[in-house]
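Here is the structure we will look at.
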């Protein structure tokens with residue numbers, strides 16, 4: 001990748017800055033010199049053989065370093081991480097430096113062969129795998145112990161010596177992407193390949209899934225509009241819609257699997273060999289020997305972890321579920337009070353008051369979900385999982401169980417205990433619309449407004465500095481280092497998961513649910529694009545072959561949707577008239593449909609879970 005030097009570049013900065021390292025203001029000089037030397041050292045001497053330069057950006061004691069690499073070093077790094085590239089004959093193969101001329105888009109010097117995101121991923125991989133050799137502790141910090149094979153960067157982060165490591169944006173490429181992506185409001189598909197090229201596979205897959213889910217909702221929306229206007233108050237006519245709902249929730253997930261496999265194969269991540277997963281930075285234990293790698297690393301008893309899970313985490317989750325049910329019962333008390341007041345007063349105010357309990361409950365649900373997520377993250381970290389994948393799986397499980405109960409328990413109670421379809425319609429509409437408004441404000445508008453204020457202050461600060469370095473690079477690093485850190489796609493997938501649940505479970509009694517879901521997803525596309533380009537630091541690219549454990553979560557919701565819609569079918573008067581003489585036949589027929597669809601989805605779910613470490 002070519003280095004584009006500006007006229008204001010200092011003469012000794014002869015490489016393109018790709019990654020920024022920020023150390024603490026009280027980092028000792030001995031530590032800084034040792035770290036720079038380790039990064040510059042050759043691979044055979046235990047270093048990374050990367051290029052690094054300290055950057056003086058103000059009179060404050062801020063220790064900022066920019067990291068890059070020579071073209072050959074980055075190409076060799078692409079081979080070591082197993083990066084897959086397209087060959088001249090159209091096949092996808094792992095990149096091998098000695099066979100570099102066999103690959104498509106290879107030029108004589110190879111400077112443009114790797115994207116900036118590829119180079120940043122390689123640098124992050126090398127820095128994460130920079131390991132101690134003979135050092136007993138971090139120089140200058142005798143209490144920050146090291147041992148042979150210990151990741152130096154993980155120890156620097158856990159010791160508070162290193163503040164952050166982040167990749168820099170490519171201003172020109174980002175400008176082009178923004179123009180294609182969200183600056184032109186038009187009815188068109190997102191530039192998924194360009195998003196993947198700039199941000200990596202994980203975000204490319206998320207935006208592809210968001211777009212696919214939106215397109216999949218359009219048939220539901222088109223059917224729901226006439227259904228809403230012609231059969232609105234006749235709830236016994238939801239049989240056709242429930243049947244379509246049942247099929248739709250199953251088919252769209254199967255189609256997505258094929259589409260995602262085709263995309264990730266084209267990107268090279270589907271056949272990319274998975275590296276041995278390293279322990280999480282927060283994992284701790286007694287120093288021991290890993291029987292697989294032979295390296296020294298912390299060892300923690302799985303029995304102790306299971307005790308923490310079953311004696312603390314599980315009871316805590318159960319208490320939270322009880323709290324969610326208790327709040328739900330308070331909501332029903334408010335509903336009864338509002339209905340009694342309306343029957344007594346019969347006024348416009350009392351009619352509007354009927355919606356107040358649902359709105360309050362929707363706000364409380366969002367608050368409880370966010371508080372619970374913080375508690376779930378703390379508990380999952382305390383369980384001390386060795387691998388990041390295990391940590392994510394336990395966190396997703398905790399959050400999904402609570403969210404399903406907190407968001408959907410009231411709807412199930414109204415549908416199958418109270419059998420009040422009018423109240424079900426009202427509650428579903430209120431929950432759906434209120435949650436969308438709150439999410440758009442909290443996740444998009446508020447962060448963007450705060451970032452705009454911060455950017456103005458930073459620009460004024462940079463202009464007031466009298467430093468002898470690249471002004472444009474200086475301003476960029478100042479702006480980006482104070483941006484919020486993107487914490488991953490967890491919250492984004494969770495929002496889509498809940499939306500999928502609202503539509504697939506009960507949209508037969510509120511056909512406009514799909515319409516609101518489409519509108520939400522369209523605004524979500526633009527707001528998420530805005531956040532990624534303007535609000536958050538650029539995240540490191542991560543290879544991904546699929547959407548991970550979230551595929552299993554969506555398929556589980558699909559199974560629940562099949563059971564729910566089959567039960568609603570069995571409750572309808574139209575189906576009941578077919579079995580007037582025998583209620584037993586009705587029950588057996590509904591159960592047979594449920595079992596057939598559930599078994600089919602379970603089989604697909606187990607096939608998926610076999611590919612995902614859960």
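For all residues, glycine too, the Cβ spot is worked out from N, Cα and C.
Where the annotation comes from TrEMBL, it is an automatic prediction and has not been curated.
Annotated by TrEMBL as transmembrane segment, the relevant range among 523-546, 547-570 is 547-570. As annotated in TrEMBL, transmembrane segment covers the listed stretch 203-229 rather than the other ranges in 176-202, 203-229, 257-283. Only pairs six or more apart in sequence are counted, and the transmembrane segment (309-332) with the transmembrane segment (395-416) gives three or more Cβ pairs under 8 Å, enough to call it a contact.
Fewer than three CB pairs closer than 8 A are found between the transmembrane segment (496-519) and the transmembrane segment (352-372), and contact between the two stretches is not assigned (pairs 6 or more residues apart).
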